[in-house]
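So the structure is just underneath, and the comments pick up after that.
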């Protein structure tokens, strides 16, 4: 009945967070827990003032400042000489630049936008095929919510009470591994179809390779130092993720002002975009917290866990069913909404089956990434379309991104076979 109510409200066009909240209230009232309704105010207050969640707008601000200052464009061009000699040339630059930019951004959409702005005209002017250009940018953008600092991992950790620093450490090796798998696909595809990418040669610019690499360091240095400072502070335990986000945002403003094109107007523009994005995310989280509270109070979560365990199904089969559920939901529901909607039900099941909560957080983020690059609600596809500069390119973008979906599934399978890919680094704490 409650699933029907939720679906009806969603299909009726009601906002996802409002739908979540109304469904939660309906569960409390119908189950005879109406006296618990005043607790909703406390839920809103406590979550709005969460020290952990403060990191989300700060990391977003850091990424927006980097975009606004022009650092991302110079950084992309600086990376190009380091990887363009590989088969696939500048397609690999898209992945490497996305992976490194993700380490100071925390947002998939912002990563795709930052790289797409400079990459699409650059690759098009050099004769690269549009399809793989679009696909590599869309797929590279997904690394923005996996490679720390990740706003999605912060939300996951705050909802299920997992340590944010451990989640960040757990996501690092899978994030690097996924980027390498993306590059492996690009290299193989380029070798099989040489016409997809022109062979980049060192002589094209008429300068020695060593000198060319040295000339890139001033443009790479500021962003690399920012990455080392922010992530090094978190991994060493010197600062919390929230404190690192605050320091990173301030450092980005200073670096952007003195080494980039950042001015006061740009700072306010970055602040505005960060506030809008954070407001949307917090609205969704608060709605999900009401639903989670209702299901916990009425015993719905516990009943679901007991029901699944009574079936005696292998844990791997249940995990596969959950992954398929997320894939289907990804066709209709935006990534963060999908996560906060399902976690109150899914996380207790994962715990009961004996899976590690930190490990599952990494797996879940990769599955959510899939939803970002497949239609009809794949946000990264629309970001790339915005920068494509040609009408009727959506099909090309989708076809370019599709092979990377299977690469992501491969990464999930590797994590299932060898959980230590994610758990080894947190275990060193």
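Each Cβ is built from the backbone N, Cα and C atoms, and glycine gets one as well.
Feature annotation from TrEMBL assigns domain 'TRAP C4-dicarboxylate transport system permease DctM subunit' to 5-421.
Per TrEMBL, the feature transmembrane segment maps to 6-31 (among others).
TrEMBL lists 43-67 (among others) with the feature transmembrane segment. Listed by sequence, the residues of this chain that lie at least six past the ends of the transmembrane segment (43-67) yet keep a Cβ under 8 A from its Cβ atoms are 101, 104-107, 110-111, 113-114, 149, 151, 154-155, 157-158, 164, 223, 226, 230, 240-242, 244-246, 248-249, 252-253, 256, 262, 266-267, 269-271, 273-275, 277-278, 281-282, 285-286, 289-290, 293.
Annotated transmembrane segment per TrEMBL: 95-120 (among others), in sequence order. Residues 56, 59-60, 62-64, 66-67, 72-73, 75-77, 79, 82-83, 133-134, 136-151, 154, 175-176, 179, 182-183, 186, 223-224, 226-227, 230-231, 248, 252, 277, 335, 369, 372, 379-380, 383-384, 386-389 of the same chain lie 6+ residues outside the transmembrane segment (95-120) yet bring a C-beta within less than 8 angstroms of a C-beta in it.
Annotation comment: TrEMBL describes 132-156 (among others) as transmembrane segment.
According to TrEMBL, the feature transmembrane segment maps to 168-192 (among others).
Annotation source TrEMBL lists transmembrane segment at 213-238 (among others).
Residues or ranges marked as transmembrane segment in TrEMBL: 244-262 (among others).
Using a Cβ-Cβ cut-off under 8 Å and counting only residues 6 or more beyond its ends in the same chain, the transmembrane segment (274-296) has close neighbours at 15-21, 23-25, 27-28, 31, 33, 36, 39-40, 43-44, 47-48, 53, 56-57, 60-61, 64, 107, 151, 155, 158-159, 336-337, 340-341, 343-345. The transmembrane segment annotation in TrEMBL covers 274-296 (among others).
Among residues of the same chain six or more beyond the transmembrane segment (316-346), those with a C-beta under 8 A of the stretch's C-beta atoms are 16-17, 20, 108, 145, 152, 155-156, 159-160, 281, 284-285, 287-288, 291-292, 295-296, 300-301, 304, 308, 353, 355, 363-364, 367-372, 374-377, 379, 412, 416. Annotated transmembrane segment per TrEMBL: 316-346 (among others), in sequence order.
Residues 108, 138-139, 141-142, 145-146, 150, 152-153, 156-157, 160, 162-163, 166-167, 170-171, 174, 178, 323, 326-327, 329-335, 338-339, 347, 350, 398, 401-402, 404-405, 408-409, 411-412, 415-416, 419, 422-423, 426 of the same chain sit 6 or more residues outside the transmembrane segment (358-377) yet have a Cβ under 8 Å from a Cβ within it. Summarising the annotation, TrEMBL assigns transmembrane segment to 358-377 (among others).
Summarising the annotation, TrEMBL assigns transmembrane segment to 397-418 (among others). For the transmembrane segment (397-418), the list of distant contacts is 130-136, 138-139, 142, 174, 177-178, 181-182, 185, 189, 316, 319, 323, 359, 362-363, 366-367, 369-370, 373-375, 378, 380-381, 384-385, 388: same-chain residues at least six beyond its ends, Cβ to Cβ under 8 Å.
Averaged over the domain 'TRAP C4-dicarboxylate transport system permease DctM subunit' (5-421), the predicted model has a pLDDT of 83.
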